[in-house]
Amino acid sequence: MGEAIVVTSGKGGVGKTTTSANIGTALALQGKKVCLIDTDIGLRNLDVVMGLENRIIYDLVDVVEERCKIHQALVKDKRFDDLLYLLPAAQTSDKTAVHPKQMKELVLKLKQDYDYIIIDCPAGIEQGYKNAVAGADKAIVVTTPEVSSVRDADRVIGLLEKEDHIESPMLVINRIRNHMMKNGDMLDIDEVTSHLSIGLLGIVADDDEVIKASNSGEPIALNPNSKSSLAYRNIARRILGETVPLQHLEEESKGMFARIKMFFGAK
Amino acid sequence: MKRKQLVTIKGTKSGLSLHLHDNCSYEDMMRELEEKLRESSSMHGEKQNITVNVELGNRYITENQKEELVEAIQSKKNLSVQDINSNIITKSEAEQIAQENEIVSVASIVRSGQVLEVPGDLLLIGDVNPGGKVVAGGNIYIMGSLKGVAHAGVNGNEKAIVAASVMRPTQLRINTLITRAPDEYPEKDKRDMECAYVDNSEIMIDRLQVLTHLRPNLTKLEGGQNNG
């Protein structure tokens, strides 16, 4: 029996879809069988970020309305040998096409066959959010170190804590700009975590490579040389129960000492 | 058999005191009250307003009956009802009073969009985040940071206070008064262990320690309602 994790944030544009894609990819790299579900019906993106857009035949709404079997709608990621699948959202319907109860049943069925179900939640806290959360056992809240994004994350955490079937949510801080944090122009990691007071699952630096990778349909987690890739892989390892220290966000190291520090810190 | 008086009118320094017998039917009492008032109205010729305190003894009357009673008395010229006293209250009223005097302790974080409301005093073990709101009929004590909105004394208690370990509210409300935070908190301004109270129709913020002088009744065990 697998585990269903919803990736949510409240605010749009903080990187839910990128985070979902990369955590899913990183878990598959660790040899886990993963199914990604895009619940952003009407505004689907996850398929584009994963580079699987052209293989979609059926979608989430087709499954829910029983126009096809679940396995027919699942898109297999060829880069992995039978480990990574995507259940894409419909592009032509809207969020009301699916009911939370149907999502719950669907996720329950998928949990039989997969180790991890990663559910990409749409922005907002309406129907789409309710659908995404309905079947989840765990939740990852994505935020950026901006006041507005932290405020919305706080709201979503409050809502998630009311859901009895979800364990206490975990936090991912995305798009960290180290130089701004140092200058105090941006909330720092401690401020964000103490404000939201939930466990920190990982931090991801703002990185041009992530955008490049998303545009080319290759999740950054597949690139072994990128810092952001490492960040996502670390998150995946933490989900699997390993203890991995937080990545150091230092820019290119200047001295020997800094390099040693980085070596230990960013293992 | 000598008929017992159902209504006794006494004059006091502050006006009239109406003692209504509590062992007869409500109708009998009202009839006699109206009679008595009719008699007395001829006696009091002066224009001056007279306040009336009604003593019901061990009688319970409903809100409707209360209105009837007030109407009956005030229909007579220059009488105005100041207070109606009864030894009896209903169970729900008693429960409400008990609740209003109770300190409810809650251990949680009040997050954006959440509202925590209690009838009496609130002891919150946790933070109030921006966008969150705590509301209490009495005082609010927060053992964490107050970064959202706190509203103390909602039911008209101007003596209510708000105390917090870290006082950085977006808005403070006591009774009907509202203050908002300064647009920016100075970096070095710690704002630790502070309280907010009403002084001269203005919400003031000061060190927690001043409460000993301003609200000496806070330290008593009776809780909220006896502060005033």
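Note: Cβ is positioned from N, Cα and C throughout, glycine not excepted.
Because TrEMBL annotations are produced automatically, they should be read as predictions rather than curated entries.
According to TrEMBL:
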type: DOMAIN; residues: A:3-156; note: domain 'AAA'
type: BINDING; residues: A:LYS11, A:GLY12, A:GLY13, A:VAL14, A:GLY15, A:LYS16, A:THR17, A:THR18; note: ATP binding site
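The structure, with features from TrEMBL marked on it.
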residue	record	contacts (Cβ under 8 Å, 6+ apart)
A:LYS11	ATP binding site	A:ALA123, A:THR143, A:SER148, A:SER149, A:ASP152, A:ALA153
A:GLY12	ATP binding site	A:ALA123, A:GLY124
A:GLY13	ATP binding site	A:ALA123
A:VAL14	ATP binding site	A:VAL142, A:THR143, A:THR144, A:SER149, A:ASN174, A:ARG175
A:GLY15	ATP binding site	A:SER9, A:VAL142, A:THR144, A:ASN174, A:ARG175, A:VAL204
A:LYS16	ATP binding site	A:VAL7, A:THR8, A:SER9, A:ASP120, A:CYS121, A:ALA123, A:VAL142
A:THR17	ATP binding site	A:ASP38, A:ASP40, A:ASN45, A:LEU46, A:VAL49, A:ASP120
A:THR18	ATP binding site	A:VAL49, A:ASN174, A:VAL210, A:SER214, A:PRO219, A:ILE220
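Highlighted in sequence order, A:SER9, A:THR19, A:ALA123, A:VAL142, A:ASN174 have their Cβ within 8 Å of the centre of the Cβ atoms of A:LYS11, A:GLY12, A:GLY13, A:VAL14, A:GLY15, A:LYS16, A:THR17, A:THR18, the residues recorded for ATP, and are not part of that set.
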